[in-house]
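Residues or ranges marked as Mg(2+) binding site by Swiss-Prot on the basis of sequence analysis: 487, 493. According to Swiss-Prot, the feature domain 'KH' maps to 554-613, an assignment based on sequence analysis. According to Swiss-Prot, the feature domain 'S1 motif' maps to 623-691.
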């Protein structure tokens, strides 16, 4: 019934098994990938024909984590998996980026890749098995695909590269790098690092690419035994006569349009040329081309002009050479009521970054499949439609915004202070107010400045730069600080962020079928030159963290109490701590070990809260005189409160030197009396004495004539 084919190979310290033929047999391609009890099912389904009028490649990648994979039941009312988590969204992008450029030009059939995590070993991240599975499922499906690809995670521990480290190993690693590529070349890199050199980063990419050949070989063997026949698909032949007509109509005008350096003006000119060409050629007559065909050919001519000029050594679209960074301006403290803010502008790309400080109560609690954890640093990237002069939907963040925010966060993580040195939680929001290339790297620069403006003691300044590539045969040009058009019409988007010491984040996406080590070396060297230039400007603008925090930022005051006193501070049903926070205007956090953190915008409020907590947690001292309140009258004495939550017995024999017949003759409920602590027994009961306190202070206890009368009088 089942024709099961399995391939197993060693991958670092792990065994990886790729299996097909038993599960999801009606899909175009389906594989189960297992790595040390982490199991991912990946399926591929492709439409046999493109939809009429389709002019783009509709590839969809879905990655979903099932809670049963970790032996858990989902929370919430419905007890089902809900909207994708950030991890799921980022993994979708991780799979999409290396496989998309391997589909042939002109292939517009709908393709859907679904990766489902079915079993999870908390030590083994499911993203690498999902990537390998996507490659294998596509390879055996017969869909036109120039793969397979391999994928590997690389760590850097004690000066050695580690293939596919576990999550425990990653905690001690200076590098977390994911690389994907074909047998011949690298297609995608995603990483965060602890200020590592360009040489170490390049070595990690090469190491990962070398090791992933094991996965590629296993997939090739799987295809030989279980692969479906390749589709008989060919790209539609080009209409050379139409190409010639369109080129004659638009080439000279496009050459002129790409001499315009202002983005909006240039875009309008290009749109007008395109509209003119469509009107001239798409007449509706028999045999006339449709708008999609003309539009695709127009894009090719556009790309040919821009790319040809750069490769010939002519100036770029905005007049720069290949190594020059656009003009940069930056300003900190731009928003008066925020904790920290900065406006970073590079050419026609602008980011307004805002930093907010909070307590550990404000940390994000992430309910991950591998287990719940807290995140003290959040970075959110927003790019509204006005940033590109367009109208559009405003709402929940799209995959692109989540991905860009994660990249900027990776860039800054390495320079954040340790929690013990800076106990605040931090939220950074990057509002992209203008966009013409590399807005994520503008978020890194602006975010660094905003954190410094908020008083965060960063270990170093961090800047980011986006590099591009134009490649034609053996000729290539690496571009520094690419524009949006250069990204759109080029072959690579290579983002590098770091400090003067080294790289903290690196992301590379290739639109052609891979690049070589030589090109990566040139790109990294050029990126370092640009990064140092930007860092110098940033250090001139903000040499270090602001000494005095914003008046609106919370001040944190931390101290410890006896853990046994925690319940006294919290009170029954939280009544005590709730009253404390409301009456002092502070936020109070208590840890299980007795560490208390008071967050307040003024020192006076924090001091008031500290004083009240000290009073609640104070221990009664034997021999000390206290001013207490009479809580209750008894036949044999009175109950007196000497500290919050600390009551003692004032026995009738300890009220006055003379004999006391009735307690009410000397004390009344609610009155303030001075008492001395005589002793406490092993059960914590406190014995008090008015007459001992009076003797020590030279006073005498007198009977009261009325409730308002003084209990004690000076001799």
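The backbone N, Cα and C atoms fix where each Cβ goes, and this holds for glycine too.
Across the domain 'S1 motif' (623-691), the prediction's mean pLDDT works out to 88.
A count of other CB atoms within 10 A of each Cβ picks out 493 as the most crowded of the binding-site residues 487, 493. Mapped onto DSSP helix, strand and coil, the domain 'S1 motif' (623-691) counts 8 helix, 36 strand, 25 coil.
Secondary structure of the domain 'KH' (554-613), assigned with DSSP and counted as helix (H, G, I), strand (E, B) and coil, comes to 32 helix, 16 strand, 12 coil. Secondary structure from DSSP puts residue 493 (Mg(2+) binding site) in a beta strand.
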